[in-house]
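Database features (TrEMBL):
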- 1-28: region 'Disordered' (REGION)
- 1-20: compositional bias 'Polar residues' (COMPBIAS)
- 179-529: domain 'Arm-like repeat' (DOMAIN)
- 1175-1209: repeat 'WD' (REPEAT)
- 1210-1251: repeat 'WD' (REPEAT)
- 1252-1293: repeat 'WD' (REPEAT)
- 1336-1377: repeat 'WD' (REPEAT)
- 1378-1413: repeat 'WD' (REPEAT)
- 1421-1453: repeat 'WD' (REPEAT)
- 1635-1667: repeat 'WD' (REPEAT)
- 1691-1720: repeat 'WD' (REPEAT)
Amino acid sequence: MADKPSNQPAPHATSDTGKANATEHLKTHDKFRAVFDISKSQANVTTTTNHAQTVYTQDSHQGEGPPASSPSVDIHLLDNQTIASGASVEPQSTPVEAKSTSNIFLENLPAPVMKTALPTVQDRIEVTQQLVYCSALLLRGLPPFRANAHKSEDETEYPAKALLETETLDQKELDWLAAMDNNPSEQERIRWLGLRMVDEFAKDVLKDSIEIAEIVLLGSILDKETYRSLLSCTIAAFEQSVLLNVDLLHAVVQLVQVAPPESLISDDLVRIFSLLRVRIQGAHQQSSVHLFNLTLALSRLLDVMAEHKVKDMNRVEDHEPLSGILSGLKGNSEPYLMYQACYAFQALQYVPNDETPLETVLRHSTGFVDGLVKVSAVFKLDLSAVLEGLGSLQEALGSTVGAAVTVYEGVNSLMESGRGVLDGLKEGFVAGKKCPWYATIRTAQTLVQVGQLKDLNQLIREAPCRRDPLFQWGICQLLGEIASDDIWAATVRQQAVDLLGYLYEDDSEWGQDESVKTWMLNIMRQLTTIVDQAVSSYAQTLLKELNQDQGTTTTTRLPYPLRNRLSLPPCSPTLTRVLRIPDVEYSLRNLRQQRLEEHRKGVYIPPQAKASLQASDDTLFALMEKVQEFLAGQKQVFLVLGDSGAGKSTFNIELEHTLWYNYKKYGQIPLYINLPTIDDPEHGLIDKQLQYHNFSEDQIHEMKLHREFILICDGYDESQLKTNIHTTNQFNQPGQWQVKIVISCRTQYLGQDYRSRFQPQPADRYQRTTVDQFQEAVVAAFSRAQIQQYVDEYVKELPAVDPIQKKPSWTAKEYMDKLVNIQNLMDLVSNPFLLTLSLEALPAVVESKTDLSAIRITHVQLYDSFVKRWLEVNRMRLEASPLSAEERAELEMLIEDNFLYHGIHYQKNLATAIFIDHGGNPIVKYTHLRDKNTWKAMFFAPNGQAKLLQESSTVMRSGAFFRFLHRSLLEYFYSRTIYDPLDSESDADGFGEREPAFDLKMCLAQKNLVEESSIVQFLAERVPQDPSFRQQLLDMVDESKADEVDIKTKVAAANAITILVRAGAPFHGADLRGIKISGADLSGGQFDYAQFQGADLRDVSLAGSWLRQADLSNVQMEGVRFGESPYIEVDSVVYACAYSPDGKMLAVGLDKVGLEVYDTTTWRRTHRVSVDHAVLGVAFSPDGQQVVSGEKNGTVRLWDCTNGEEIFVMEGHLKWVQCVAFSPCGKQIASASNDGTVRLWDSETGRCTFVLKGHTGHVMRVKYSVDGRQLVSCGLDATIRFWDPETGEPGVVWISSLGEVWSLAFSGDGRWIASGHEDGGLQFWHALSGEPGPVLRGHTRTVTGVAFSPDSRWIASSSEDETMRLWDASTGTLAFMTASHKEYVNDVAFSPNDLLIASGGGDGKVRLWEVDSVLSLSMGAQGQLGPVYKAVYSPNGQVILTDSGSRTVKQWDSLTGALLPLPIELPDSLTTNAVSYSLDGIPVALSIHDETIRLLEIQEGGAETVVKASSKVFSLAVSPWCRFIASIDLYKTVELWELGITQHKRVLLEKGGPTHKTISCLAFSTTGDRLAVCSWVSTVWIFDSQSGGLLTSKEFDQPTSVMSFSPNDQQLATGTYGSWIHLLDLQSEKPAIELRGHTESILCIAYSPCGQWIVSSSHDKTVRLWSQQQPPGESESWSCVHTVNDFFSWVTTIAWSPTVPMEFVTGCQDQSVRVWRVSTDGEDVAVKMLWGTNLGVLHAGGSVLKGTTGLSPISRHLLIQRGAIDDTLPLEDAGGLEVEELEVDSGSEEWSE
């Protein structure tokens, strides 16, 4: 042969070096390429007749053999094409002789890529190849998507700049990139085209070969999400094809090869592998062409899997069957097919494995250091390292590399055996070997991939295994692929043919096996048939020469195509369809411009928010930032809650403005929707809003299919919706609108179970709600800093002179001065809308007033002032406006007849029409031609008085829509139709003698106001302002008592009493007989001794009401709601409780009885299991058919829930079994014991499978994780331990810093663990990381039980402090606390539906709490924030001062219970220990800090007094009117100070006095002149307060806890720890009078001012009233005349009124303050409540149920439990609580009915 030409094509675009990218998945393929600076793939190109269609990425797997490279589009490769750069050397027409390869492949070249014409900006992209070329350029040159994947360590941070400074691109490309860099929207359009093509391809059911070839082109230029979508739908299409679709087969594999970095995961490869395995197995009896294509695809896939180091392929299901299938091919007569099988075997050796074939080679070179390989610059492999590695590999391991634990056999190298390929293929399947020839071929393929053809030539010549026929077979195929691929320059392809010819004819080591030469001839015959004449004729000439030399003329060709990649599509059908899609961006741009222009920039202060209604104000965050996080995340719905006027709508508008301002083409579309303006927003919500914005149907359809929206839905409450619009609109379902929703709603509009209205619901109704797709925030009240900021901005908009007062407008300082100094005003204006109202109204409110502290402003008064000023300002504006003559005349008539009156009257009428005629929808649409004959014309007609009044009112107009400025104004004006203060005032405003325009009864009867909370609140605030209004409402209630009343009277009466109850009006002793108030809301109402006989209370809410001693005889009570469930009363201590998985049963473990099971629908006991020992733990099996119990004797028992049989007993524990648990699969039971072990039992056999040891103390709880893979135990050794329940192996151990761990719970989502501790702490832990989370504080003693709600939102805890607490799990804030149990609370459990909480305790009760109700009660609690430690009356008796510690000092109106503001805000540093009043009525707070006692007058400028004790003070007493203070210090010393000028201190007793015993209590006499000091040994010393001298002492035999002087100081009452009260006569030695009745230690004693009554409290949670009995001639005696039992905790303070006879106040640990009055009727004495706060739960002690009808059995039982008396039924029959049960004795196992 002649010498070959020595000149080579000019080098193509060189590439930058790359840097490895770590990924979260097993993307070793990507990491490996990054380490070697290797592009994932190369470009393949086919020349077409279309001038723009010439781009294709080089597919490496051409021909029948293994793949040559993994192609992908990379701009490094975009070069060398017909219209682009390339070699200038003309291709040879005929081959010339050469005796060596030294003049073939003389240079290493970058692998080339064909190019197309570049479109100008905004030009239409016509063909897919052009789209791919443009996208590849953008990926190379711009930051989006994957620029960082190509970034090396020394590369600039700006990839676009780095590109423009290199010579890798021609000038046209650089110019195009520069233009694109300035046009981000065009970049988005190009990206969008690719995304839409994938969508179109996915929709196309019949995917033809052209569409498949077209879509595969996009693979490497897509972003991760779009690529994965394309791969998924392509795999699915291949999987669903019945017959083998070769195009889809190769499309799947090619997509895998061109996967963008971080886009491919191992599961994809394993899934495709499994599909191919099944197809190959089914193709055995089909044509060899099918088998060839399948094995070829499998080889390519396995190469990729090896590079990804896939490890999770199932050896039994995938590996071994495939081995067997491929082994069957060794008998095939086709050597080409056998070679593919052999290649697949070798590839399979590397799956799974820890290194790729190339890494195996390089690991054996000296260039391998610390897991990395030497790499030359610009993506080049170090060939010397490769050859060194191959040599070392060959030398070290001979013909094999490593050993794979597989059952199939790999092909052994035939280098030494000399056997032929065919024999080797049939016999060379040696188990577990990796052969050097395969690793060498993979290295050769990599060299071709990166363009190192010169190094390829050298590798072929110097490879240690070059004599191996299988290596030769693979190299020949690789050269054939290069020659047939027109991505390469013609001269390169011709040289590949030359190299084939040289190896065939001139290489003595090549082709010693005849099959190799046959293979080479067949390759050249294939090359003679390709389209490119420059190569085909070249190959034909060479083939003739070779045939002549060999003396053969055979023309046999392979039956299989040499090239296996999909050919370039001749057209672009998918892109053509996409280009027909209507353009919506122009219309969106117009909408954006319109919305930005409409945005009115007023005063806007970014709101703060908290995570939930129960969250503390200490946990606030910026709402805008939180919403932006939501929009960037995966959740779908964000609910913004807030009170009326909190700024929700303002925030929504600001959010829309921000999103439109930052909008990018083809990005998420913000869409603001005012829900009340949409007709039926439950369906077609987005369509209707887009139609309103004039989008066409085609545009709407296009956006529905292909765009994502951010819906900002405002006014859910105003639209009066009750449904879930996310569900009804089918958002985010396949084929439906894809959205994220930000939706706002008033808090008052929602019930407690409101989240179901907003949480995305699954399409399958049997699936659980996706809680993790929902988020909420509650807009917080304005802080003082925000108020200041708002005021500063507000005054900037004011005119220089106030138009009403004709004075200079106030400055910000003047506004803030008024806001701060007017009592309670700062609390009101923390609402942004009310702040606006206040700023408008304040100048008129304070005009001519100097004493700001005397001004009282309520919520409704602000509205009154605001509306008046608004109308005055707008009247003046109209007067100054240019009006027509007709309009001017109308205006003058309105002014003459009082403009203010008509303005208010107009708005009241409009509010009524909106509620009555418009269904309450606050937005009215009015078009004159359509609506001129409707009620709307009276308000919105474009002429006459209607126009003038509308323009001057608080009604705003937006196009055809009218609405009040704020929803609260609509409610305000409707409330004024019921009560208008101007109707009852004098003619100060010139209204004249007008009759009220609205009839009270008519307005009250128009609609039920229960659901209109704001209207009720406005009216409730009017009640204390106008006694006549209060009387009118009472009269309306009385009117309903008539025998025959119409429905309007009933509705009016129900509304009237609802308003009165909301106003706090008490109905104690009220005559309510026969009232008809169906549907009223009496929640929290106070009806002590009320008479309800014969009343109609149907559907009334009585949640949290005080019904003590109320007479409910013959009352209709159908549908009455109490908000609580009755408790279960058992015979002994309740240790454990558990719900069945379906929630239909509740099991409780008891002390003496054993185990009881209850039906939760009727709360009847269904089973009782009697055992000899206490049951400490219970748990249901997952199917609810079995229950397991753990007992004190160490026994674990399993019971059948259906028939009550004992299944078996599990014995082994040596001490108490504290807890039992079923595994989620139900096959295993775990038990925890005081013996320090956890035992695991087989639930089917009862056999103990493991004994888990590790705890060093009692094990208190054991729980399974949600998935059952972990077992967790906790104990008194302060550890939480993890175990493997399958093997019993111990896992990690957490050590708690809080000490002993008594309880434990997993959250329902498995993310958190909560642990309860001895010190009362509740600790959160991250379940996966073990990191400790927040600690919840509130319990004061051991936390005995912990339970998460199934949705993980709430956590309930029980404690030895006798409380059950409910916490918000997301914020850690306390949502509810109850002390209803009167003993330890031992356990707590949530029902599976989240609706109920069960708690069991030492009081023998299982209490059942409705979650919604307790949350409602918690949020409705007023005033007090903790236990009440001290309560005192002011000297005039009009005010009560209470103290709860930690600055919680409050003042109450003693007559009404209204909370009164303190004159000043207490310092943050103050922790109060007592409160009192000075003689002149100034409230005083006392606090202790170590040895310092501090007294602070609670008034502006109040004096502060500080005295210092000898050592640390732990108790003090203050005399009436704060004249004296006495203290007890750490060393039992009693000191006394007389306050005033001298602050003289006296030491009364040192170190306990003569007895040296602990001083237990102190008490001053009523005048303060005497001080009683009592020691633990019951010695009482009486001192003179002024002199400090000892007056007398008394001794008695019981330890004393409390003392109190009689009003005349002649008697001292002492309360003992033994439950007795002693009355000591201080003037004589008479024996003490004993008062017995309490059952536990005495807490408080108080004499009445007259000295005839004593009130006492005790730890028995009762208050007793004692009366002095002293008949003539007899000695003094006392008797208990009344007992008040209605407390849930201890009464810690009692005080009598100094001015009102027979009135006293109690303060309790249950956080209540109650005022009582004693009434006497002959011998009967009653203690009636005047008012109470924080009553919390239902009270019904002594109420009468005789003859009531419609009361459900459960409600009746609830009332009876609360102390009601039912004279109509025997107690055992009350409420239908007959117990249908089965009882069993565990010893006899006999069941009886």
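Glycine is treated like the rest: Cβ placed from N, Cα and C.
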Segment-level pLDDT (mean, integer) for the repeat 'WD' (1421-1453) | 81
Restricting to the same chain and to residues at least six past its boundaries, which positions have a Cβ under 8 Å from a Cβ of the repeat 'WD' (1336-1377)?
-> 610-612, 614-616, 619, 769, 771, 1300, 1302-1309, 1311-1312, 1314-1324, 1383-1390, 1392-1394, 1397, 1399, 1401, 1407, 1409, 1411, 1414-1415, 1417-1418, 1689
Per the Cβ under 8 Å criterion, with at least 6 residues separating them from its ends, the repeat 'WD' (1175-1209) contacts 1135-1142, 1144-1145, 1147-1150, 1154-1155, 1157, 1167, 1169, 1215-1222, 1224-1226, 1229, 1231-1233, 1235, 1239, 1241, 1243, 1245-1246, 1782, 1784, 1786, 1789, 1791
In the same chain, who gets a Cβ under 8 Å from the repeat 'WD' (1635-1667) while lying at least 6 residues past its ends?
-> 1382, 1566, 1601-1608, 1613-1623, 1678-1685, 1687-1698, 1701-1702, 1704, 1706, 1718, 1725, 1727
Of the residues in the repeat 'WD' (1691-1720), how many are helix, strand and coil by DSSP?
-> 0 helix, 20 strand, 10 coil
Could you give the residue numbers and ranges of same-chain residues that sit at least 6 residues beyond the repeat 'WD' (1210-1251) on either side and whose C-beta is under 8 angstroms from one of its C-beta atoms?
-> 1136, 1176-1183, 1186, 1188-1198, 1257-1264, 1266-1268, 1271, 1273, 1275, 1283, 1285, 1288
Secondary structure split (DSSP) over the repeat 'WD' (1175-1209) reads 0 helix, 21 strand, 14 coil
Residues in the repeat 'WD' (1378-1413) per DSSP class, helix first, strand next, coil last, are 3 helix, 19 strand, 14 coil
